[in-house]
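One structure is given below, encoded as structure tokens.
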Amino acid sequence: KPHLLLFHERHLLAGSELASHSTPLLFRSDVLSALLIPMADPQADPAAQPELMDEDEPFFSNLDLFLFSLIAGLIVYWLIFRKKAEPIPEFKKLEPQTTRETSFIDKMKKTGKNIVVFYGSQTGTAEEFANRLAKDAHRYGMKGMSADPEEYDLSELSRLTEIENSIAIFCMATYGEGDPTDNAQDFYDWLHEGDADFSGVKYTVFALGNKTYEHYNAMGKYVDQRLAELGAQRIFDLGMGDDDGKLSENSWVCLSLSLSLSVCLSIRQYELKVHSDLNMNKIYTGELGRLKSFENQKPPFDSKNPFLAPVTVNRKLNKAGDRHLMHLELDITGSKIRYESGDHVAVYPINDSVIVNRIGDLLGVDLDTVISLNNLDEESNKKHPFPCPTTYRTALTHYLDITNPPRTNVLYELAQYATEPKDQENMRKMASSSAEGKALYQSWVLDSCRNILAILEDFPSLRPPIDHLCELLPRLQARYYSIASSSKVHPNSIHICAVVVEYKTKTGRVNKGVATNWLKNKMPADNGHKATVPMYIRKSQFRLPFKSSNPVIMIGPGTGIAPFMGFVQERGWLKEQGKDVGETVLYYGCRYKNEDFLYQEELEEFEKTGVLTALNVAFSRDQAEKVYVQHLLKKNKEAVWRLVHTDNAHIYICGDARYMARDVQNAFYEIAEELGGMSRAQAVDYIKKLMTKGRYSQDVWS
């Protein structure tokens, strides 16, 4: 029936509008009547036309009734369920959330403390030292707290005078090129830019550093000087700790606070809690911060939240010899991690399971016991020495340093557990400040490279409670490697160049480097299981010149070649982009050309294509007389002096700080004297000015 077709089309249209716009569907009676009038087909045969209405035929067909019912149902649905105006909700006033206390003054008042020990720490040494000072203060009628400057408002330092007999101690380590540690960066910036009045504030500074570095204890020196400039009262001269000289920490401590660390009582800072029925999902298994962060990775990635980077390449670099030099590539695809040439990659290694198991055997403990070590000082921000709850096995594997020689305070506190009087006497002697004790500690512990396992083995009567041992041992630290790639060429990959550390000690034991031996075994797997490395990026000041047209002189023997692989890759990329790139000169050194010439093929190709202007390689043992990079510098002194003095070249040095960096610097002094007509004092000043201008940069280690 034609009139029904018209009705269906209109109904479907109206239905679609109703569904999409929630518009009521209204039908006028005259329209409905018109729709129901039969429509004549002008092309049809009149004789074939049916009658308009048979009186026996019902007025509405079954289909008409169905359609009317459907329309009525839609109208009712719209009237009942139409979207009503939503009332504006009433919001209850939220209670203020508990936030971390940033006022160290208020905390000191609340807890009755009168000594605050701030620490700037990169590897944990300064933090450990600060904790010891704060812990021992009560034996001299004072109460101390250690504090991370990153967690408190240091502008409140001027309020320290509100607390009677108060003292602020600063244990400040220096990082890199005289830089503050990560956690002291904001404090340094505030001191540098601020003009606070610290009149009446009593303070002293203990600097921690290493004499082999150019900027020895620079941060401690600056804090000491700046606090005095701002009116604070220095109660004792700046203490200078040389980690390479095994951290002199006795006379400074005794004189400044009478906190004689050599007469140390056994004071527990943490109490042990053993868990018997804890849900396994609530136990830390190696995470640094957030529980299960290794299973559910979320950016941004940093020291507390490292990224698990799959190892895609792990190959041996040297062709021969008894050493193992390796090249690794870490995949950072999808991590949103960004890096620049010259940055460092930090990796978190784990300890050798053989050492961990041996400690457990000697102490007779079940290493899979789930425990927490809880701070006895409830007001302390540091609730645990490492992430808890966890197992002894996880703590010894992931969180604690069990391979470095223990410090004297650890020996003293452990001595009480030695049942043999002679063992106890020797341990306490080594922890004392006497000349004999220092000499014994130097020879028996440091020179013999005895770690905690060796000490337990060589003192058979020493069997301390494992929870106290875990409390005393320092944290296992991240290891830093200069990145051996450029993000311009390898945006989703970070390259590492390292030498595996393994040596025999005076006791006949074989000591292995924690990180390098762990990395050596991180092989890309073909079975679908990915070998991963927890890592993050540490930004560096070791940067290529802003102007690519500036020449660069790179000096990096051995694995010191690492950052320069990134530099050369980037200079090559810049040339491909049509940039004006200055001379790129490399001085590299190794033992034998046919044994440990790292990246030989790549470097020779860079030289062939003109990316490297000059490749100078010193093979120290290929001839009777040893030849090192500093000898090649002096051999090419005219070209070197022209680049530095006339063409504004930037100088970069990477590698050993103890000998190589010093010898290279002396070579530059000699070149400046000879070709610049300077005295030694003038030459030294000349190089220092290059450092100040950022044209003489070092990435060195000892």
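Even glycines carry a Cβ here, placed using N, Cα and C.
According to TrEMBL, the protein has these features:
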TRANSMEM  59-80  transmembrane segment
DOMAIN    115-262  domain 'Flavodoxin-like'
BINDING   121-126, 173-176, 208-217, D243  FMN binding site
DOMAIN    304-545  domain 'FAD-binding FR-type'
BINDING   R323, T559, S620, R621, K626, V627, Y628, V629, Q630, D663  NADP(+) binding site
BINDING   R479, Y480, Y481, S482, C497, A498, V499, Y503, G513, V514, A515, T516, W701  FAD binding site
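On the structure: features taken from TrEMBL.
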residue : record               : Cβ contacts under 8 Å, 6 or more apart
G124    : FMN binding site     : P474, R475, Q477
Y213    : FMN binding site     : T174, A657, V700, S702
Y216    : FMN binding site     : T174, G209, N210, D242
R323    : NADP(+) binding site : V499, V500, D596
Y481    : FAD binding site     : H344, V345, A346, V347, I496, C497, A498, A562
A515    : FAD binding site     : V347, P349, R479, A498
S620    : NADP(+) binding site : G589, C590, R591, K626, V627, Y628
W701    : FAD binding site     : G655, D656, A657
Between G176 (FMN binding site) and G513 (FAD binding site), the C-alpha gap once rounded to whole angstrom: 22
Other C-beta atoms that fall within 10 angstroms of the C-beta of A173 (FMN binding site): 28
Secondary structure content of the domain 'Flavodoxin-like' (115-262), with strand meaning DSSP E or B: 62 helix, 35 strand, 51 coil
Residue pair Q630 (NADP(+) binding site), G513 (FAD binding site) - Cα distance, angstrom, rounded: 29
Sparsest-packed of the listed binding-site residues (R479, K626) - C-beta count within 10 angstroms: K626
Cβ-based isolation winner (fewest other Cβ atoms within 10 Å) among the binding-site residues N210, C497: N210
Those residues of the chain, 6+ apart, with a Cβ under 8 Å from that of G513 (FAD binding site): V500, V501, E502
For Q630 (NADP(+) binding site), the number of other Cβ atoms found within 10 Å of its own Cβ: 24
Cβ atoms near Y628 (NADP(+) binding site) (within 10 Å, other residues, all chains): 18
Listed in sequence order, residues with CB under 8 A of S121 (FMN binding site) and six or more positions away: E127, E128, A130, C171, A173, T181, N183
CB contacts for G176 (FMN binding site) [other CB atoms within 10 A, all chains]: 21
Rounded mean pLDDT for the residues that make up the domain 'FAD-binding FR-type' (304-545): 95
